[in-house]
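Asker: Quick one: structure below, then a few questions.
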Amino acid sequence: MNATPGHRAGPGSPLAPEWLQVPADLNALQEPLWAAGVARNNDGELSIDGLSVSELQRQFGTPLFVMSETDFRARARAFSDAFNEAFADICGGVDVYYAGKSFLCTSVVRWVEEEGLRLDTASGGELAVAARAGIPGADVALHGNNKSDAEINRALDMGLGRIVVDSLAELDRVAAIAAHRGDTAKVMLRLTPGVHAHTHEFIATAHEDQKFGLSMAGDSTEKAGLSAAEEAVAAAAGYGSVELLGLHCHIGSQIFEPDGFALAAVRLLEFLAAMQTKYSIVLPELDLGGGYGIAYTPVDTPRPAADIAQAMAAVVRSKCAELDIVPPRISIEPGRAIVGSSTFTLYEVGTLKTIRVDAPVADDAAVDAADSAKEGAAGADGTADAVSTARGAAAGKNVTHPRRYVSVDGGMSDNPRPVLYDADYSAILASRTSDAAPQLSRVVGKHCESGDIVVRDVYLPEDVAAGDLLAVPGTGAYCWALSSNYNYLARPGVVAVRDGSARLIVRGETEEDLLNRDMGV
């Protein structure tokens, strides 16, 4: 069977967003979206490292997160290699911390350690995973804007390489807890450099009006003329139980261009130089955070790690020379950029429903295009859209167009990002190929929620039917990590595939798991 037969092409639906184009081939895999090793087999079925999606469904069920261990490791190495090469002549290299908040389990921690990366955590639970995996505490960082005393004590118990302090009050608590224990806490200060990353408001984290970090703006504390950041530096330098390693920032997430990272680096280096001079201290480290974007749709254009690394290195090199300071040791925190594209989610199609929506016919050209589509697809079952916009519809009048709702067996409980961040995704028919015409579709979940959308707009073959499998790429980051039991749905399992074999690295939940926590019996 031909793995990628053609389909009858036509114009895009007026209901589709401007960026969404009708694919030339609905069966083709668009490379930036998928992990290495994902392909169609000779039967036209999606496979990963030779394992078909139907076999994965048979073994593990759906919904299912399918992760390429090989791809994850390769992306981790790519970041490490790119940044270490770019910064080799500046500070001897870079420490790469995998941002565990994006997706964390014991196996992933071990992969991270084996690939020479370190680990960034943000809670006591994530520290527990790190401890279970056996990664040395010196290679672990703890973040968080509201750390508990228990989390701080656990960090000190584990001998963490750094605690990233988020506020003056936290700095005081860390110092007091460490002093009470007779320990020295190694800390970084998280600053807000005022850089507005071009990203969603909820994942932009370096502007002033948000919960993270110490402000670099003057008069941001009760001490006249001092910013919160400077007050924290002065306080940390005076604590005998604190070793101040340096400064940290994180400007946001899903960022494609290096400009924001470069600007943040400039502002932190200027501040670092000023603090070293004013307080006669050395701040040997500078963490520039993460936030590197990935492709969720065909129009997303993330930059290669090497490009970002070289751009950031050029700025750090130049600024350190201008300030006449010894370059600090640089660290970064990629998460999504490592795990995001390594994974796709496999769903089974259930209910299908087609509704009709009014949309204006903009001009004669649009009507002409509809006519052409009608003629090219004459006699086909899926020509309602073309027929409805035929020459009889006057330009500028509202005409109805179909939108198909494709329901799957998961939804916002396994991927809440579309409802949280208006995130766009793509999808593909995975269990077979099709030569049917494209139809604008909306992939939705099974939850009792109108906003339960998995993929807002995507062209799928018009013959998609109940029982088919769909695959949604780019779900490795902040999907399982943000998953829930809404409507008492069990969270899916996560399967790692390597060298043609698959194994569960996170077991899917069962109804028994959910009921075991209900203490009403």
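Cβ atoms are placed via backbone N, Cα and C, with glycine included.
Since the structure is predicted, the reported quantities are computational estimates derived from the model, not experimental observations.
According to TrEMBL:
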ACT_SITE  C448  active site, proton donor
BINDING   G291, E333, P334, G335, R336, Y478  pyridoxal 5'-phosphate binding site
BINDING   R336, R417, Y421, E449, Y478  substrate binding site
DOMAIN    86-339  domain 'Orn/DAP/Arg decarboxylase 2 N-terminal'
DOMAIN    400-476  domain 'Orn/DAP/Arg decarboxylase 2 C-terminal'
MOD_RES   K101  N6-(pyridoxal phosphate)lysine
Asker: Summarise the model's confidence over the domain 'Orn/DAP/Arg decarboxylase 2 C-terminal' (400-476) as a mean pLDDT value.
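Answerer: Per the prediction, mean pLDDT sits at 97 for the domain 'Orn/DAP/Arg decarboxylase 2 C-terminal' (400-476).
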Asker: Which residues of the same chain, at least 6 positions away in sequence, have a Cβ lying under 8 Å from the Cβ of P334 (pyridoxal 5'-phosphate binding site)?
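Answerer: The list for P334 (pyridoxal 5'-phosphate binding site) reads F79, V96, Y98, A99, G290, Y292, A305, given in order along the sequence.
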Asker: Taking Cα-Cα distance, which of the recorded positions G291, R336, R417, C448, E449 are within 10 Å of K101 (N6-(pyridoxal phosphate)lysine)?
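Answerer: Those close enough are R336.
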Asker: Name the residues of the same chain, 6+ apart in sequence, whose Cβ is under 8 Å from the Cβ of C448 (active site, proton donor)?
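Answerer: The list for C448 (active site, proton donor) reads N487, given in order along the sequence.
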Asker: Tell me which of the binding-site residues Y421, Y478 sits in the most Cβ-dense spot, judged by other Cβ atoms within 10 Å.
Answerer: Y478
Asker: Among G291, G335, all listed as binding-site residues, which has the most CB atoms within 10 Å of its CB?
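Answerer: Max Cβ neighbours within 10 Å, all protein chains included: G291.
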Asker: What subset of the binding-site residues G291, E333, G335, R336 lies within 10 angstroms of R417 (substrate binding site), using C-alpha positions?
Answerer: none
Asker: Within its own chain, what residues at least 6 apart in sequence put their Cβ under 8 Å from the Cβ of E449 (substrate binding site), listed in sequence order?
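Answerer: Result: M412, V419, Y486.
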Asker: Other than G291, E333, P334, G335, R336, Y478, which residues of the chain come within 8 Å of the pyridoxal 5'-phosphate site, judged by Cβ distance to the Cβ centroid of those residues?
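Answerer: Sorted by sequence, the hits are A99, K101, S102, S253, G290, Y292, A337, I338, G340, A477.
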Asker: What Cα-Cα separation, expressed in whole Å, is found between G335 (pyridoxal 5'-phosphate binding site) and Y421 (substrate binding site)?
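Answerer: Computed Cα spacing between G335 (pyridoxal 5'-phosphate binding site) and Y421 (substrate binding site) is 18 Å.
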Asker: Report, as a single number, how many Cβ atoms besides its own are within 10 Å of the Cβ of R417 (substrate binding site).
Answerer: 21
Asker: State the count of C-beta atoms found within 10 angstroms of the C-beta of E333 (pyridoxal 5'-phosphate binding site), not counting that atom itself.
Answerer: 27
Asker: Which site among K101, R336 has the most other CB atoms no more than 10 Å from its CB, taking these as recorded positions?
Answerer: R336
